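Feature annotations, reproduced from TrEMBL:
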type	residues	note
ACT_SITE	Cys179	active site, nucleophile
BINDING	Thr34, Glu68, Lys182, Arg249	NAD(+) binding site
BINDING	Phe65, Leu66, Ala67, Glu68, Lys123, Phe168, Leu169, Lys170, Ala171, Ser172, Gly176, Lys242	substrate binding site
DOMAIN	235-353	domain 'UDP-glucose/GDP-mannose dehydrogenase C-terminal'
Amino acid sequence: MGAGMAADLAYVESATRRIAEVAKSSKIVVEKSTVPCRTAQSMRTILEANSTPEVSFQILSNPEFLAEGTAITDLLSPDRVLIGALQTEEGIAAQNALVEVYTHWVPRERCITTNLWSSELSKLAANAMLAQRISSVNALSAICEATGADVDEVARACGRDTRLGSKFLKASVGFGGSCFQKDILNLVYLSEQLNLPEVAAYWKQVVIMNEYQKKRFVRKIISTLFNTITNKKIAVLGFAFKKDTGDTRESAAITLIKDFIQEHARVAIYDPKVEHEQIYMDLSEPGVVDTRKEVEKHIQICGSAYEAAEGADAVVIVTEWDEFKDENLDYEKIYQGMHKPAFLFDGRLMVNAAKLREIGFKVNVIGKNELAGTA
Ligand SMILES: NC(=O)c1ccc[n+]([C@@H]2O[C@H](COP(=O)([O-])OP(=O)(O)OC[C@H]3O[C@@H](n4cnc5c(N)ncnc54)[C@H](O)[C@@H]3O)[C@@H](O)[C@H]2O)c1
Ligand SMILES: O=c1ccn([C@@H]2O[C@H](COP(=O)(O)OP(=O)(O)O[C@H]3O[C@H](CO)[C@@H](O)[C@H](O)[C@H]3O)[C@@H](O)[C@H]2O)c(=O)[nH]1
């Protein structure tokens, strides 16, 4: 039940049983992983069934909020540390003990204490709200492309309202990463289990919009390349789900490249960090292209953006690596090596389109229309 949506808690359960088995004295058990709301209840039932007058257990929820690429800064200087506990005398004592640990490097006012269920739900809620902002701005990016509004300008104008705030409003080819989709689907499943179908549908739309954004980008590329990419060479810059990490879990690049392969394009990939083996693994598709040899027929993994773009019909920026910015990459050189017309699709709003158009590129940026500013 819940396949593809619910969290698999088998290992949480077995770890809890193991703690119950081996504990010789009272313990505070801290949930760090992201779990469905009320997971601590099952843990408590297991632990309490094994407690004795000498050995008792307290469970705390202390969700991890670090983001990849900034993990150390996030650990050393978190916006907040959240610690949830049962609001019993023993629960609050355990909560205070963990607060004490954090106050060695985190100011006390940044440690938020709540009840256990608020803490578990807040982790899912924070990720759902962050992803929702991206889906909101991505939904607006489609309107921008159709009207001549510029999604960066819209995000800046909205973000200056202190009630909205400016962060996490960067339109993109879609959010990726191991957390957002999984955690939202977890929330959707929880809502369904709680017989709240409208709530479930509301959060599910964030994921649906994310999928739509990726498909929309692919469709735009195909239609711009005269409705076919068969045998055309597409250079994909970036494979990781975001910059400064080699992680590819749920990366938009995977969906995009699989679609390019499906449309019989030749795909050249460059990412500064991702391991080549990882790329082959991610692009294997059981029953379609299921061996590395099969994948190799469709893709070429390159050592630089220049190599990937050599002889390409289109360059597609998928990950926001700094080295793809126009002040860091020699786009003149890239242009020289490409088939003409040379198309560039910016899925991360990184390049100065006007500058690249001057070089000769046909530029397409998510959430921007070439005719912007004209009548
Ligand atoms: N990645 C992030 O940025 C991040 C941030 C905040 C919270 N989280 C949460 O932290 C948890 C872990 O995420 P992650 O990205 O580190 O996952 P991960 O897959 O990178 O790491 C999980 C680790 O657990 C090990 N493992 C898996 N099954 C095991 C088992 N049965 N016995 C022993 N070890 C086992 C794996 O080998 C791996 O080292 C998740 O709940 C996630 O939602 C992750
Ligand atoms: O304005 C933005 C911000 C991010 N992204 C994309 O969103 C995804 C996720 O980015 P980010 O949240 O920075 O990375 P994660 O490492 O997935 O971190 C998220 O997921 C973690 C795991 O739960 C949480 O701990 C973090 O707080 C939460 O930010 C990436 O593909 C980004 O490129 C955008 O498209 N536009």
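Residue 1 is the first one shown; counting continues down the chain.
Yeah, the Cβs are placed from backbone N, Cα and C, and that goes for glycine too.
Counting in whole angstrom, Phe65 (substrate binding site) lies 9 from Thr34 (NAD(+) binding site) by their C-alpha atoms. Here the C-alpha separation of Glu68 (NAD(+) binding site) and Lys123 (substrate binding site) works out to 16 Å. Screening the binding-site residues Lys123, Ala171, Lys182, Arg249 for a C-beta under 6 A from any atom of ligand 2 leaves none.
Looking at Leu169 (substrate binding site) and Cys179 (active site, nucleophile), their Cα atoms lie 18 Å from each other.
Between the CA atoms of Ala171 (substrate binding site) and Cys179 (active site, nucleophile) there is a gap of 18 Å, rounded to the nearest whole number.
Secondary structure from DSSP puts Lys123 (substrate binding site) in a helix. Fewest other C-beta atoms within 10 angstroms, among the recorded positions Leu169, Cys179, are seen around Leu169.
Taking the Cα atom of each, Gly176 (substrate binding site) and Arg249 (NAD(+) binding site) are about 7 angstrom apart. Nearest to Lys123 (substrate binding site) in space, judged by Cα atoms and limited to the recorded positions Thr34, Cys179, Lys182, Arg249, is Thr34. Look at Cys179 (active site, nucleophile): DSSP puts it in coil. Using a 10 Å Cβ-Cβ cutoff, Lys182 (NAD(+) binding site) registers 18 neighbours. Per-site Cβ counts within 10 Å over the binding-site residues Ala67, Ala171 peak at Ala171. Among the binding-site residues Thr34, Ala171, Arg249, the residues whose Cβ lies under 6 Å from any atom of ligand 1 are, in sequence order, Thr34.
The residues of the domain 'UDP-glucose/GDP-mannose dehydrogenase C-terminal' (235-353), classed with DSSP into helix (H, G, I), strand (E, B) and coil, number 42 helix, 21 strand, 56 coil.
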